[in-house]
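Residues or ranges marked as ATP binding site in Swiss-Prot (evidence: sequence analysis): Gly616, Pro617, Asn618, Met619, Gly620, Gly621, Lys622, Ser623.
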Amino acid sequence: MKDSTDKDFTAHTPMMQQYFRLKAEHPEILLFYRMGDFYELFYDDAKRASQLLDISLTKRGASAGEPIPMAGVPHHAVENYLARLVQMGESVAICEQIGDPATSKGPVERKVVRIVTPGTISDEALLQEKQDNLLAAIWQDSRGFGYATLDISSGRFRVSEPTDRETMAAELQRTNPAELLYPESFESMDLIENRHGLRRRPLWEFEPDTARQQLNLQFGTRDLTGFGVEQAKLALRAAGCLLQYAKDTQRTSLPHIRGITMERQQDGIIMDAATRRNLELTQNLSGGVENTLAAVLDCTVTAMGSRMLKRWIHMPSRDIDALQQRQQAISALQDITPDLQPYLRQVGDLERILARLALRTARPRDLARMRHAFQQFPDIREQLAPLDIDSVRRLVSLIGQFDELRDLLERAVIEAPPVLVRDGGVIAPGYNAELDEWRALADGASDYLDRLEIREREKLGLDTLKVGFNGVHGYYIQVSRGQSHLVPIHYVRRQTLKNAERYIIPELKEYEDKVLTSKGKALALEKALYDELFDLLLPHLAELQQSAAALAELDVLTNLAERADTLNYVCPTLSDKPGIKITGGRHPVVEQVLREPFISNPLSLSPQRRMLIITGPNMGGKSTYMRQAALIVLMAHIGCFVPADQAVIGPVDRIFTRVGAADDLASGRSTFMVEMTETANILHNATENSLVLMDEIGRGTSTYDGLSLAWACAENLANRIKAMTLFATHYFELTTLPEKMEGVVNVHLDAREHGDTIAFMHSVQDGAASKSYGLAVAALAGVPKEVIKRARQKLKELEMLSNNASSSHIDGAQLALLGNDEPSPAIEALEAIDPDALTPRQALDWLYQLKKML
């Protein structure tokens, strides 16, 4: 395109001049330029769209003496193409014809009516119904980060101020924005460079005074103190840029964005990016959604409920009062869940319908769904009436009634409206007398035409005569070619077909004009009445949004009640005393995919028992046992019941996992480097109220290096940090730690050998494992028998070399290396010597003495 626009602008056709003017306003994004029934793309946009969408690249005539590269998509299928582009992280400007071709001199007037970007979509066809779709902005300076997210399809506006890179990375992973705005001065590009939907913005868009002004204008406030964000200077920079971008792309006001909320780390259990990934909360390690915690817990019946549940899972709360209210509601709802859920299912995705209402893009079927939702409210209230629980009563009051709005929509919109208002037939008969009159005139055509056909056929004696209509020529009287010579002179030929002639007569032409006028008037009036419905509904937007949020929460709680009942979960006790005590704990995901019964296990952590050294064979269940502890704690902190016979959960501020690792090739980091980075994060940030899972630390280096690191990390966690720690290891040397430190206990996962086979008992027992069963597991995995046989021989040789009867005994040299805290006499003597004060004879004597000390 650049080459063409460099030429004299006037050398182009008027239509292309119009195109270039509009394209200049949106140089970075694709421009869908409406021409009749198609959206066309030209020049570089056409080439790019052709590649992305796999559509034909053609040429359209010439402009300025050169052929114009062109690609196009039909207007009726545009949503499908937009959805594909948005999923690729692309943005599109939609340019519509707003002038009347019949009255336009020169090109029809056009303008960009909306900009579709990955983070600002609200159309049902473009959104994934069970996932939040977030627009985000990020700011960074020497004090840390400012981060803002907006879900334009609900109006949810959040800000936070992560203090370091690890916290910022965790926020990006938790929120997973579809589109991310960042300043041109942004330094930590490695944090974001692999994300889709990146948008580089000029620095002035992050100006703090402008941000405050924008936000106060949006919320109708004088300052932001009431939202608790007045002092969040970094976050406000990001929020200001984000809000301006949303307004620029939507080309309309955003009345559903009515406030902003500060998210503070201390309000919830903090999890870093590695922990979220390893616990497979909403996404498994392969990137899918199967066999995740969300997959087990999410049987919600509305999409907005599903999205809320996932937000709860990713932000476990530490507000004990709020969690206990959720527990009480779940207990109360268990008896009525089967009766309540069918009504909730009929409510649908009210949250996103309201966003489209606010943006004035709601379609007729959105209004029909809203009406259907309102019709469920009396039944929902009736179901909840017997429950005398504060949290349930609060939800009932927020849901509201909206009888007047339901009545309005029942009177105004037909039962099953068409997709688009421009198709007509949306407003119900009887709602507006004038509309009914115009429709009667238009709809009376068939009776009139039947009468005209019978009259003319009998009058002229032409048995082939019939009256019809088509979209090109309008109304006509058709006579067969064989009888066409018999028509009277006032029949004016309108169209010739192979076997027939079509005519128009003055009476029919006059009626045609009247019918077409009435259809046009009816459609214009219907559009005006439809717009008026928005004006009648929007004053209630705030209460409607509260109602939708309450219904989503009710759906989540009812769903968790059903899950607790179906999956045999128990209500955990949330205690203010430190520690975790679980009886008969189960892994919520693994127990669902196992064919055989899951072996439940206890867990006890307290200030006197703060670290478990976990040993046992590979495949014995160490990782499952550790993860289930973290998941039970997390579930308790979303208010959910848990898979256990009994659970008492004390204060937990963070959950850390150092479980498994893979190379981070994109960042040039080896498995061991990834492992050590995650370990460093734990050692720097864990507290005595943190739950820490450490699985096989130190595997990626030599035995002595790995053992030394594992020992030192365990020591640090147990003695300095005093965190609640599950420490799984194959280094049997670590099983001596309980002898050296208070609060450290050995447990193991049991297994039994029968000849060449091994049976995993999956039960947690006190004490250290007797052996690792590595060769038995290798045989189970299908390692050739000759290799296993050779390994057994080699094992015996190694055991003999270390003077051990079995591999469970501890290498004395390694224990000396790690466990000997006594200072060496030789080293003490050396430190006391002043070499400059010694004669050669004295130096030689000292050398002999030091030799004896070793």
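Including glycine, each Cβ sits where the backbone N, Cα and C put it.
According to DSSP, Asn618 (ATP binding site) sits in a coil region rather than a helix or strand. In sequence order, Phe760, Val777, Leu780 are the residues of the chain that are 6 or more apart from Met619 (ATP binding site) and have a CB within less than 8 Å of its CB. Comparing Cβ neighbour counts within 10 Å across the binding-site residues Gly616, Pro617, the minimum falls on Pro617. All protein chains shown were included, and the count of other CB atoms within 10 Å of the CB of Gly621 (ATP binding site) stands at 25. Cβ neighbours within 10 Å of Ser623 (ATP binding site), excluding its own Cβ and spanning all shown chains: 21. Of all the Cβ atoms in the protein chains shown, 20 others lie within 10 Å of the Cβ of Asn618 (ATP binding site). Counting every protein chain shown, 25 other Cβ atoms lie within 10 Å of the Cβ of Lys622 (ATP binding site). For the recorded ATP site, residues Gly616, Pro617, Asn618, Met619, Gly620, Gly621, Lys622, Ser623 set the reference point as the centre of their Cβ atoms, and the other residues of that chain within 8 Å of it by Cβ are Thr624, Leu749, Ala751, Phe760.
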